[in-house]
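Before any comments, here is the structure.
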There are 2 protein chains.
Amino acid sequence: MTAYAELAAHFGRISALSNALGVLHWDHAAVMPKGAAETRAESVAQLEVLKHGMLVDARLGDWLDEAEADDGLGAWERANLREIRRIWTVETALPSDLVAASSKATSACEMAWRQARADSDFKSLLPLLTQVLVLQREIGRAKGEKLGLSPYDALLNDYEPGGRSAAIDVAFDDLAAFLPAFTEEALAAQARRPALPALDGPFPVEKQRALGLKMMEALGFDFARGRLDVSTHPFCGGADNDVRITTRYDEADFTSALMGVLHETGHALYEQGRPQAYMSQPVGAARGMSLHESQSLLVEMQACRSREFIGFAAPLMREAFGGSGPAWEPETMWRRYTKVARGFIRVDADEVTYPAHVILRYRLEKALIAGDADLADLPALWANGMRELLGVTPPDDARGCLQDIHWPSGGWGYFPTYTLGAMTAAQLFDSAVRAEPDALPGIARGDFRPLLAWLRENVHEQASLLTTDELLTRATGRPLDAGVFKAHLARRYLDAA
Amino acid sequence: MTAYAELAAHFGRISALSNALGVLHWDHAAVMPKGAAETRAESVAQLEVLKHGMLVDARLGDWLDEAEADDGLGAWERANLREIRRIWTVETALPSDLVAASSKATSACEMAWRQARADSDFKSLLPLLTQVLVLQREIGRAKGEKLGLSPYDALLNDYEPGGRSAAIDVAFDDLAAFLPAFTEEALAAQARRPALPALDGPFPVEKQRALGLKMMEALGFDFARGRLDVSTHPFCGGADNDVRITTRYDEADFTSALMGVLHETGHALYEQGRPQAYMSQPVGAARGMSLHESQSLLVEMQACRSREFIGFAAPLMREAFGGSGPAWEPETMWRRYTKVARGFIRVDADEVTYPAHVILRYRLEKALIAGDADLADLPALWANGMRELLGVTPPDDARGCLQDIHWPSGGWGYFPTYTLGAMTAAQLFDSAVRAEPDALPGIARGDFRPLLAWLRENVHEQASLLTTDELLTRATGRPLDAGVFKAHLARRYLDAA
């Protein structure tokens, strides 16, 4: 066997473990009885230990050196080696006592966070969150040394390979300068229109589910390789060729669960569209979190909150729930689905105000990792940032700096990918509808095939062959450009309002 | 760490893998999308490889020797060592090329069997089934040499530790002499009663499920540590503290799915009742397949086909489906649930004719493994056996020797545990209702707590502390005794008819 073949076989075995873990994770969230929690934790921990052991296998370094010297490899094989080296470098960067200390600190902090959030008491969380932060700095430093990156960029790199804060700063500063005034304008435009009539429920879960399934089918979700289920926190997970999305239903309001299904379907289409030949190899994985989020937001924000899609979907909603009256008119439904409101909570935000929530968190976590901000000042820094970026002041910590699980659970460097994803989505969608003249008319008749064909070719089937920048440049003619996102917002919230 | 502690930790890790495999197996049967089959097969194979590697770990032999010399261990620890040594002995008995050849042969044969059964064509299966048989003989010989057992007893020992064909021969010869005439008598008694009125459906799946859940709750199933789902072939599986049973629904007839749920609940109560302190250790496992089947049959045949239970359940069935008329009367329902009929298919057989199906298979597989019968003669041997034991002649191979998956899939030595289980169930139930005066009255009012308390103490919480014979003798005062089973049949099918 060549060194490349050894590596490919080895990572195929690792993928078999990852797929098992993916199904166990879905099971835990969607169907597992509560009393199984301890048993499950032991199974998952054992599989993680075995997987980690395979990722730091002593033979990998030699295989990599030998395979990288092999000049008979094609582009996919070379890209696979690049990904394997990145994963191996990161996985071997940390001493095992640092991994253990961080795992212990985050699980203690995550537990304390649930209570602190319920009590809206940041101070009680401060000692444990400080431990997490100190360890995250160490992790960032250790990885950064191996990768030649700053600690923050090294953390970011785990979620967004190739992502750099210098570039994010430029894009986010641009948005931060644009959004406050724009939000004012969008709200003013909205205020000139009549109030939205109420949608009277209840909307039975079974009917919501049936409608969600119908929409997933229209979008091109492959049910032979996936499922729709229920969980408290919606996600897209599962395994290769076994892509499982979840939602949660509210019988008083169907609109949010339905749009949640469409959002997760965007993630799922990416996963289902990855190339079969490399499905179990690192190069066959989704490129990074910003591209992943771009696929969910392209479906949700760009395609499914368009007038075209709502024109198709509103009659199906009315039919599904036996609705009648002006609340069910496509134009009214479109206005409901494009409503802008300043709020305190990121996950409830609309696409105009969402970036402010993300920019705030990105700036804070970058400063905290660099030691340029003091964690004890977080509530005040949070309130200042919210006022500056969004013009609101959170009434308490629960609706402020305690609302997200990311920091307590060790997810530092993740936040910027949400808004990078939104910008990427706008840019890809803009190119898709130019390249495929039938993409928008297709959406208007519930036929996503023209759009999906473009996404398959330009994004999904590329998997991790290229860097994110290369992929975007090839697909749209240029690297990430905040201008397309701003133009999209202006068209939807000023011109079209 | 002592050698015992090393072993316990090691088998705890093995248990974590087994639990993951249990959940993946459930997932495969109950919810997995079809297109995930290949991915899943790779995950399962990888976990099996890792588990096997841990079971033949080179350190185990030394740890066992050292721990067995430790005289500070209690009864549970010593029993745990006995189980670990048995598992280790069996797992290391086979050369890896024999394991691989057998795995290849059974998976080819199982696939061919599906087609052969559809075509009712035994001849087409003969070459592949011969390969399986030859390898099973070799496996039996290899294990038997290590264990000091005949090849057949060595195969049986995997399903029924301590089970020996010499003892089974005695019990089964006794039954084989008793059943033909008894079946005649039971059928004659049945023929003297009026015909059973039809139960008119349809019976919607959701209502069947709700009734099944209600019955599971009455039986004491712990839903915080288990689930009820749907699969083509009903089973009880899952993991420690995560016991998942399945059924399949027929909207034209609810009676069989409902009784299937009660049967699997019997298995599940055993799994849920194992001692928490040893849940992840070999000594904490269910004792063997005959005791496992005894728990399902005790619930299904002894408890839930009794007049007492049907008196409680019939009004709930009527209420669930809005039934009316004589078909829903408790006495009629009891007659339906105790109907005797000679048939060709084992899985459709009632408790009077079921042992004939099992005895036939047991005698044939024993002769085939010993080389005392020729596989090519199987259809003729099968037909002769059916005529002798049951008085019917199968019209074709599909309804004859091709009906079961056990032999094609390598499950030789399993069949006798079904009827050993039925006999054990009768004996345990007989002792339970004597020891707990409220057991039968409890069943009549849908309260299984008195019965369950006895089973917990005498069976479930014993796990693998004792051998099957010791457990039965402690619980009932004597080893397995066909007389109790025969007396049960006589009471139900002659006296009570």
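The backbone N, Cα and C atoms fix where each Cβ goes, and this holds for glycine too.
Note that TrEMBL annotation is computational and uncurated.
The model shown is predicted, which means the values in this text are computed figures rather than measured ones.
Per TrEMBL, the features are as follows:
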- A:H263, A:H267, A:E293: Zn(2+) binding site (BINDING)
- A:E264: active site, proton donor/acceptor (ACT_SITE)
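What TrEMBL annotates, mapped onto the structure for a quick look.
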residue : record                             : CB count, 10 Å
A:H263  : Zn(2+) binding site                : 22
A:E264  : active site, proton donor/acceptor : 26
A:H267  : Zn(2+) binding site                : 22
A:E293  : Zn(2+) binding site                : 24
Other residues, Cβ within 8 Å of A:H263, A:H267, A:E293 Cβ centroid (Zn(2+) site): A:C236, A:E264, A:G266, A:H292, A:Q295, A:S296, A:L297, A:V299, A:E300, A:G421
A:E293 (Zn(2+) binding site) in three-state DSSP notation: helix
